[in-house]
Every structure is written in C-alpha cells, then in structure tokens.
Amino acid sequence: MDIFGIPVQVLFGQLLIGLINGSFYAVLSLGLAVIFGLLNIINFTHGAQYMMGAFVAWMMLNYLGVNYWFALVLAPLVVGAFGMLAERLMLARLYKLDHLYGLLLTFGLALIIQGLFRNYYGISGLPYTIPPALSGGQNLGFMFLPNYRAWVIVVSVVVCFGTWFMIEKTKLGAYLRAATENPELVGAFGINVPRMVTLTYGFGAALAGLAGVLAAPIYSVNPNMGADLIILVFAVVVIGGMGSIIGAILTGFGLGIIEGLTRVVYPEGSSVVIFVIMAIVLLVKPEGLFGRQA
Amino acid sequence: MVRTLALSTVASIALALPAQAFDIKIGVLNDRSGTYADLAGEGSVVAVRMAIEDFDAAGKGINVEVISADHQNKPDIASTIARQWYDQDGVDVIMDLPTSSTALAVAGITAEMGGIMLNSGAATSDLTGEACEETTVHWTYDTAALANGTAKAVTQSGGDTWFFLTADYAFGHALERDATQVIEANGGTVVGSVAHPFPGTDFSSFILQAQASGAKVIGLANAGSDTVNSIKQSSEFGVTQAGQSLASLLMFLTDVHSLGAQTAQGLVLTEAFYWDLNDETREWSARFEEKMGAKPTMVQAGNYAAALHYLKAVEALGSADDNIAVVEKMKEMPTSDPLFGEGYVRKDGRVIHDMYLFEVKTPEESTGEWDLYKTLATIPGEEAFRALEDGGCEFAMSE
C-alpha cells in the first residue's frame, strides 16, 4: 500500500524517527524557552552546554568509571552547576543592558567552550556505547525500533511534561513567573530573586546537558555536535514563540516529524525545511505559533 | 680566443658557486575546525614541515615558508583565500584541500593564477578527469581508486545489489558514480540511492530507506564524521543482523579510531597508506605521533610525499620560478618516498602508486588503540587508478 507514492511501512518508520529527533528538539528548545521566558536571555551557549553534557558523560565513564545511568543524573548537574557559575560571574552583570549583550556573551562563550574541547579531544568524535540494558530493539513490522531510541522518547516526554507542570502549575513556577513580571515586588515578599534567576539558568543548562547525555550513545561525542544543532533549535523556538514552554515542546516534536517526512520526499531539502517553515511563520504570525502578542 | 677564454672562465665560476638561494612559499589550505580537521587539519601542516626538514631544504639553499588556513569545507572561502595567497602573499603552492568542492574551485584558480596545487585531501576523480589542469597534481587517492578497491571486492564476494547513502556534494556524487561503474562492470546492480545533506548528524531516516530497498549492500559514499555516524546508527538499527552489509567506500584511520574496533570490526576499506605497513612507515609515523599525539592518516602522509617530490623537482630544476616547468619536472621524475614507495606522476596529474584493501581488526586481534587494520590485498597502482584514457582529461590526451 502506498500513500503519496511512499510505501506505508517507510512512512510509519519515518514518522517514528521524526518523533525521536523531535524529542531532542523539544528538550533543547524547552531549555532555551525556559531561559528566555524567565530571564530574557537569548542563550547561545545552549548548544555548547548540550555538547558538554555528552562530554561529561564520556569523561565520567572513561576517567571515573561512572556508567550511563549515573551520568544521566550527574552530568546534567555538572553542566547546570557550570551554567550557574557562568550566570553569576558573567550574565548577571548584563541584565540591565540590551538583549544583544547577553546574546553576544553567550555566543562567545559557546565558541570558547567548543574550541577548548576541540583542542583536547579532536573532531572525529569519541565512542560511547549504548548501555547494555537498552541495546537491541523491537521489530515493529514496519521498522526495527532500537530500544534506546524508544527510551529517548519516553525520557523526553516525561521531562517536557514535568517542566511544563512545574512552571505552569506549581507555587514555585508561580513565583518564577511573577519574578519575571516584577522582580522588585516579588523581592519585597522576601523571595531571593537573584538566586531564583541563577537556579533557573542552571536548570535550563542542565536540560541541555541531559539532552547531551541522551545523544551521546547515538551520535559520536563530538565538539561540534552542539554547533550543528543550535541554529535549528533556535528556529524551533522562534516558530513555537519565544519563551512559550508549550510552544517549544509541541513545535519540537512537530518539526522533527516534518523533517523526517522531508527526508523521504525530498532528502536534499531536509536541512532547510525547518527554516522555510520559520520564514513562513514569521511572515504570517511573527510572534510564533504559541507566542503571546508582544 | 680571448673571448672564449673569458666565457669559459665565467662559466666555470658560475658552476663552482653553490646553487643560488631562493624562496618558496607553501600554503596548506584545509579544514581546521570541521568534520575533516582530524584527518587533515594541523596534521597536514606538520607533515609538510617534516618533508621540508627531511629534505634538508635549508641546507640546500632553498628557503621554504609554510603558511596555513582554514577553508571550512566551503568552496567560496577556499577560493577567496587561494586568490589572496597567490595575489598578495606570494604563495607558490597550495596543498591538501580536503572536500572535493573546495579542491575543484581552487584547481581552477590555481591554473588561472599560475600556481601549483598539490592535492592530497580531496577525493573526486574529476580533478584528473574532466576538471584536470596542467597545474594540478593529485596525490594519495581518488574516488575511482576507492571504487576499484572496496566496491570491486565487495561485489565480487557476492554483494551484488547496492543502495547508496551519498553525501550531497561533489565528492559524494563522484564516488557514487565511480563505484556504480565498478559494481556494474562486475555484474552487480545499484537499486537506489539517497543524497543526504553534508555534514549531517542523524542518518536514521536514510538507513531506514536503505533497509526498505532490500539491497544486499548499503554503500556509504560519505566521509569523516558522516561515515562514523552512519555506521554507528546502522548498527543501532540492526542493519547487519537483518542480513544487509555495510560498505564504507571512504574511511580514514581517524574515523575507524573514533568508532573503535568494537563497532568497526570486519569493515573492509581502501586506503593508500597505513602507519603499520613496514619499518619505514612505522618510523615516520612514530615521529609524526610525537608531534601530533595521533597516528597519521593517508591524507597527511600524502602531503608529506607530495611536498618531498615537489622539493626534489625544484632542486633538480634549480629554480621555482616557472611553475609549469616544475610540474613538468615532477611528472618526469619517478616518485619515491618512505611512505608510498615507488610511483610516478601521470600526464594528467594523477599520482600512481599502490593502494591497499584493509579489514578492520576485531577487538581481540587489536593490540592497541591504533592497531586497527589487517591487510587483505595490495592493489597495484595501474589497477587501482582509472586509466588515463577513461578520465577524459583533454590536455593529457591531445599530446
């Protein structure tokens, strides 16, 4: 059976793969959206933080013998701590200035981090194997689904839902949202706003780190892995609406699927399809699909 | 009588003087930060410097300066740098140029500006075919030789239906074309192909298409981290368990090193050089490793050999002023160096030397992190490379 001249099996397979890639986009753009929505920082270091997540997992395994499961928790913490340090030492000084300064600083920071990793570890990438418990796969009839990729979808959905729930439905989330609207007033209630900002940035960085650990067994651990992805993820965030949590999640998954389908219909166009969509969305709805009117 | 005497005196003085010192500037133009930075990059510069030292250029009165730049695998950037080097910086020779699209762009500029391009990094056989120039010398390997190695061996051993995963630029398409010729000539068929964006990260969609094609062999017409990721993800999607096999048409030692013997074991590949071939390659590679912290790839080795041969030609001519004459000299003199052995530069600029068919060792067979290949076959140069008349290089045919 064919749909649009594509065998159904191939179509289903591509949809599933799109979903898997979409879960990376979702987790990464979620971190970006949290940081932008609550801190108003366009965090260009996000790709480098994603790459660091993968590298920290690799270093933990090779230098300390810490396996994947512990790295899944520890590596994001390390990356988050690094993020908080960077926020305290550098970003915190820029909040009163224009957005552009934050963008330039985070962009520069990303280049430095990538350069350092490139110098020490080269460009070819380092091997990181899939944990034995998740190796192998299921034959779904229309495709072979590696267990690890199924695991990536599950983790991503849980993380995305958890983050959304925390920010939109809990008291802590309410404080955070209030602090972005009126930091002085929230501070007057005895809440330490700067600390909250630092923790939020750390959380966003940790999300990138987590995506990095999830990616390490699939893609080789490579200093350029973040740089390759970051522009794409930014496009996802812009399409979803800057700062919109739900927008980041839904467009992340959605665009992954659209990209996957493009790979069947017109493979050469798969690297630009997201940007074409971005251009159209910006023309029709400049605030993004889920963005609030500025 | 007096006049003859005077002339002969002048002549004898001129002969007695050491060859006049002169300057050469070599520009190594390659990928220093992207996907091919480990297989070429700084290592190629180091290899060229080693050639200059081993040749003892300074002792022979030839003052060689080496400069380098990052072309980021982009033809426009490569063209801009090449023009500036020839135009303003007095560069005589541009070397390396991994990424076929950059090499094709610089080959044209080199011919136009009267420089020399000693290419080791690029794969496309068009450099000595349709796009050949009298100022191009193509060292190390090309897509035709890769096809004659891996594609031939795999097809003859029963892998007679192929599906290609092709990097969507000059190199990938040239490799697919050359491999298809070899496959068909050996009784196989190509059932389909998919062109993926370069560089890519996720190949699962393409692997799925290759699986659906039912071909016995999935041919990878890509390189560097694209190949590494394709192989890694193929193993994840159970390609080999399902009965298909992978043929990576271009793999460098650094790629195999990055995959590790566990994932890469059993892969068959074609290379022009391996550090563990003989005593001479081991000795040179050990010196290289001291400087770079890694074993050399064939691209880096090729840069060494190319620089050495160029310097020999310059020495024989006694001048580096006329670049066409230098290339003519390079074609006239047989090549001989510790890394590639004996060979020669053909009229169309193709360097003919032996190629090797290797198989990646299993983790049990491997004794160290760089002990990765066992030799399956040595392919004599004449067999490995495309015949002169099949390339379609006009100036080489007309003479």
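Even glycines carry a Cβ here, placed using N, Cα and C.
TrEMBL lists A:12-34 (among others) with the feature transmembrane segment.
With a threshold of 8 Å between CB atoms, the same-chain residues lying at least 6 positions outside the transmembrane segment (A:67-86) that come near it are 45, 49, 52-53, 56-57, 60-61, 109, 131, 198-199, 201-210, 212-214, 217. Annotation source TrEMBL lists transmembrane segment at A:67-86 (among others).
Within the chain, the transmembrane segment (A:98-117) has long-range Cβ neighbours (under 8 A, six or more residues past its boundaries) at 40-48, 51-52, 55, 86, 90-91, 223-224, 226-227, 230. Per TrEMBL, the feature transmembrane segment maps to A:98-117 (among others).
For A:148-167 (among others), the entry in TrEMBL reads transmembrane segment. Long-range contacts of the transmembrane segment (A:148-167) within the same chain, counting only residues at least 6 positions beyond its ends with a Cβ under 8 Å from a Cβ of the stretch, are 17, 19-20, 23-24, 26-27, 30, 34, 130-131, 134-135, 137-138, 173, 176-177, 207, 210, 214, 217-218, 245-246, 249, 252.
According to TrEMBL, the feature transmembrane segment maps to A:199-219 (among others).
Residues of the same chain lying 6 or more positions beyond the ends of the transmembrane segment (A:231-258) and with a Cβ under 8 Å from any Cβ of it are 15, 18-30, 32-34, 36-37, 46-47, 160, 163-164, 167-168, 273-275, 277-278, 281-282, 287-292. The transmembrane segment annotation in TrEMBL covers A:231-258 (among others).
What TrEMBL records for A:265-284 (among others) is transmembrane segment. Counting same-chain residues at least six beyond the ends of the transmembrane segment (A:265-284), those with a Cβ under 8 angstroms from any Cβ of the stretch are 4, 6, 232, 235-236, 238-239, 255, 258-259.
Beyond the ends of the transmembrane segment (A:12-34), by six or more residues, the same chain brings 43, 46, 49-50, 140, 142-143, 145, 149, 152-153, 155-157, 159-160, 163, 167, 200, 203-208, 210-211, 214-215, 229, 232-234, 236-237, 240, 242-245, 247-249, 251-261, 263-264 to within a C-beta distance below 8 angstroms of the stretch.
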